[in-house]
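As structure tokens, the structure follows; a few thoughts come after it.
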2 protein chains.
Amino acid sequence: MMNAPHTTEPQPTLRVALLGCGNVGSQVARILLEDADNLAARIGARLELTGIAVRSVDAPREAELPRELFTTDAESLVEGADIVIELMGGIEPARTLILRAIDHGASVVSGNKALLAQDGPTLYERADAAHVQLSYEAAVAGAIPILRPIRDSLSGDRITRVLGIVNGTTNYILDQMDTTGAQFADALADAQRLGYAEADPTADIEGYDAASKAAILASLSFHTRFALENVHCQGITSVTAEDIASAKDAGYVIKLLAIAELLKDEAGDDGVSVRVHPTLLPRDHPLAAVRGAFNAVFVEAENAGELMFYGQGAGGTPTASAVLGDVVSAARRMVLGGPGRTETTTGHVPALSIDMVNTSYYIGLDVADQPGVLAKIAHLFAEHGVSIETMRQTIHPAKDGGEASAELRIVTHRAAESSLAATVKHIQDLDVINAVTSVLRVEGI
Amino acid sequence: MMNAPHTTEPQPTLRVALLGCGNVGSQVARILLEDADNLAARIGARLELTGIAVRSVDAPREAELPRELFTTDAESLVEGADIVIELMGGIEPARTLILRAIDHGASVVSGNKALLAQDGPTLYERADAAHVQLSYEAAVAGAIPILRPIRDSLSGDRITRVLGIVNGTTNYILDQMDTTGAQFADALADAQRLGYAEADPTADIEGYDAASKAAILASLSFHTRFALENVHCQGITSVTAEDIASAKDAGYVIKLLAIAELLKDEAGDDGVSVRVHPTLLPRDHPLAAVRGAFNAVFVEAENAGELMFYGQGAGGTPTASAVLGDVVSAARRMVLGGPGRTETTTGHVPALSIDMVNTSYYIGLDVADQPGVLAKIAHLFAEHGVSIETMRQTIHPAKDGGEASAELRIVTHRAAESSLAATVKHIQDLDVINAVTSVLRVEGI
């Protein structure tokens, strides 16, 4: 234990209401109780946990907490609080309770990414008008301090791109596939068995969880409000062991990335693409080394250059650290006075459709081993304005009386989504093509 | 360019004075001028660069700046400013000018690690008393947002250890030695030729620059003020190509680390060890992959677990990003009102001497190839209470009529500095020892 400071004056008290007592909430409650003296010393006021709103008072909890703290009456709890911590998840009643807290002058700390991505603007505006703080570091990348650095530390810079591994479940699955050669279904089952994936894994594996986080990251990075509907979202369910093996062989690793990127639209004006999709990264890219259930966010800014933030993206105790950082900041501000403004939207950059995005592509083709095949394919790419960066061919000799075939792996220069789609469509019609085995985007080259 | 927002009301103006116009200062001035509209939109006030104090108005600059901004009268410039940016470096006149700025009610942004490490407490106290901000993100790890995350994001957690690669020059030199097998002197000459090391490299290679940063990191991490005199400092001049090769062979990389660590003293009370020394890290540790002139800071906290912050640790433009982040934050606070308090020292943990530090050690020995040698050495370690984790022996056959010898590499469990020193002293007296070739600390295992 760090020594408690010597205080002589009685300290003021701030009333803290906790909504939800799951994985993260129970750890937040435990730390508020166990570490009360240290927190008081840092804040200059004591935090009094006045209650924990839950659906059932008798449900089992991860931490041992005094039974008298629990209540099912969330509304009353919220009305008496200086700081409300919302860790219920879901849209309702979380949304109504947060608005009620703001209307009663409480500052709010939330980890509710789905609510923030869907209805953030309503919440931010209401908090601004009420001059209270609304903070949500825990909503993106668990314990990693990423929102505050983007909002404050980089406020004098211009962010141009954010690439994030923000979902531990999919990163664990892809990492297992990469390490063991497993197929998606087996890696998912393994993750479920170990508790890294939920019984219904849809929100993770379809990319919806990452998409909420992408919307939040984009909003803070580009000072413009983006919602879930602005995010192009593709999950990892169609990534095969063959994709991974082929990418590995070519020096890449496949990661599910949340991407927010400043681009030019057709008129040359600024726009932002916000998207989630499986992405090839060179194995020496800093994000490529982020293994298992860890998260990391890679930020490119005009002046700062490349930055990376790495740490635990989930888990009750790590995420509780982010929640408590927000609670202490809000409490300090109450003690010292000062503004409640936490979010600025000073930009007016539109969200761009995925069609406007130029990335490199990785294309795997199973082709006939005949003279002239490479020329036919290269010609077709050129016709569609897609420039080839590298082309690698592996010959599979004929066996069992079949014909010889070849595996062709193409990495393109940056090309428009639409041009690439047209190229792939026409390639499939070539008589020398047996199959298009992979079409994946590449970043970081 | 991001679209400028539509504003109707006239905006207030904040006067910004810049002290120093070197590598970083000239980029700060350029961005303040070029990006004025965007900065104004984010702040809600225009930043007017009122002048740049320099020693010589006619010295060559890295950025083209209006000549009329330059002045040699720093004192007058400071007195008329709302925000003073100090990028002169050195103790005086920087210290006097910062105190004058504070006394005139200006907020101060500084990148002066030497001054902050030597006399930070005076500056913080004066800024607190005057209710102005003193911020210095640029003083540690250049562009990487690290001080604000430690101070704010982790304010609800308890940091237990910070390991930082915070000096790009030494990281470049060690990286070159690791990659090419070069000796220290050659790698240093190479770094000087490429501009990664200065003509007088003392401050970098002796670890003094890293020691200043270690003192600042320790102060923020442990809410206690540590100064340069509390830092045990050992540079990289004695690291040999043989050390690096031997470490590499055993699966380690050698990095110069700035370390701040919460420990127990002999009475079981909390204490902090702040130190800089060459350190072996396992090659799969996240810091091991930080190459060349990049910086990274690895933070361990009780709840958050392991976090890492990575980016460019030097360079005019990246460091300017950190300076401007502080400027925008200070300016926002002026516009919105609020407290100037930037630093809390609520802890009272003493700095521990290096003798109190337990780390693992890597010891390289050149020994006679005789029966019983291993037993003698193992016995001597045991006598001094130093427990051996791994012991690897490589035999060098006799040649040219000489005797056969063996290379012995020992990694210990955590041991006290004093026990280890006594062990090494007695080992040298053993008749079977030809030489003690390396004694290096190990972290991250």
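Heads up, the Cβ atoms here are built off N, Cα and C, so glycines get one too.
Residues or ranges marked as active site, proton donor by TrEMBL: B:K213. Annotation source TrEMBL lists NADP(+) binding site at B:L19, B:G20, B:C21, B:G22, B:N23, B:V24, B:G25, B:S26. Feature annotation from TrEMBL assigns NADPH binding site to B:K113. Positions annotated as L-homoserine binding site by TrEMBL: B:E198. The domain 'ACT' annotation in TrEMBL covers B:362-444.
Positions of TrEMBL features highlighted on the structure.
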residue : record                    : DSSP (3 states)
B:G20   : NADP(+) binding site      : coil
B:G25   : NADP(+) binding site      : helix
B:K113  : NADPH binding site        : helix
B:E198  : L-homoserine binding site : coil
B:K213  : active site, proton donor : helix
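Comparing Cα positions, the residue listed as 'active site, proton donor' lies closest to B:K113 out of the binding-site residues B:G20, B:G22, B:K113.
In this structure, B:G22 is the one among the binding-site residues B:G20, B:G22, B:G25 with the smallest number of other Cβ atoms inside 10 Å of its Cβ. Averaged across the domain 'ACT' (B:362-444), the predicted model reaches a pLDDT of 87. Close to B:C21 (NADP(+) binding site) in the fold, though at least 6 residues off in sequence, lie B:A29, B:I52, B:V54, B:A59, B:R61, B:L65, B:F70, B:L87, each with a CB less than 8 Å from its CB. A gap of 15 Å separates the Cα atoms of B:L19 (NADP(+) binding site) and B:K113 (NADPH binding site). Here B:K113 (NADPH binding site) is positioned 15 angstrom away from B:G20 (NADP(+) binding site), judged by their C-alpha atoms. With a cut-off of 8 Å between CB atoms and residues at least 6 apart in sequence, the same chain places B:E62, B:G315, B:G316, B:T319 near B:N23 (NADP(+) binding site), listed in sequence order. In sequence order, B:Y136, B:A139, B:V140, B:D209, B:S212, B:K213, B:I216 make up the list of same-chain residues 6 or more apart from B:K113 (NADPH binding site) whose Cβ falls under 8 Å from its Cβ. Cβ proximity to the NADP(+) site centre (mean Cβ of B:L19, B:G20, B:C21, B:G22, B:N23, B:V24, B:G25, B:S26, cutoff 8 Å) flags the following additional same-chain residues: B:L18, B:Q27, B:V28, B:A29, B:L87, B:M88, B:G316.
Spacing of B:V24 (NADP(+) binding site) relative to the residue listed as 'L-homoserine binding site' is 16 Å (Cα to Cα, whole number). In this view, B:E198 (L-homoserine binding site) is surrounded by 13 other Cβ atoms within 10 Å of its Cβ, with every protein chain counted.
B:G25 (NADP(+) binding site) sits 18 Å from B:E198 (L-homoserine binding site), taking the CA atoms of both as reference points. Long-range neighbours of B:S26 (NADP(+) binding site) (same chain, six or more residues apart, CB within less than 8 Å of its CB): B:R61, B:E62, B:A63, B:L65, B:G316. Residue counts for the domain 'ACT' (B:362-444) by DSSP state, with H, G and I taken as helix and E and B as strand, are 24 helix, 36 strand, 23 coil. B:G22 (NADP(+) binding site) and B:E198 (L-homoserine binding site) are 14 Å apart (CA-CA, integer value).
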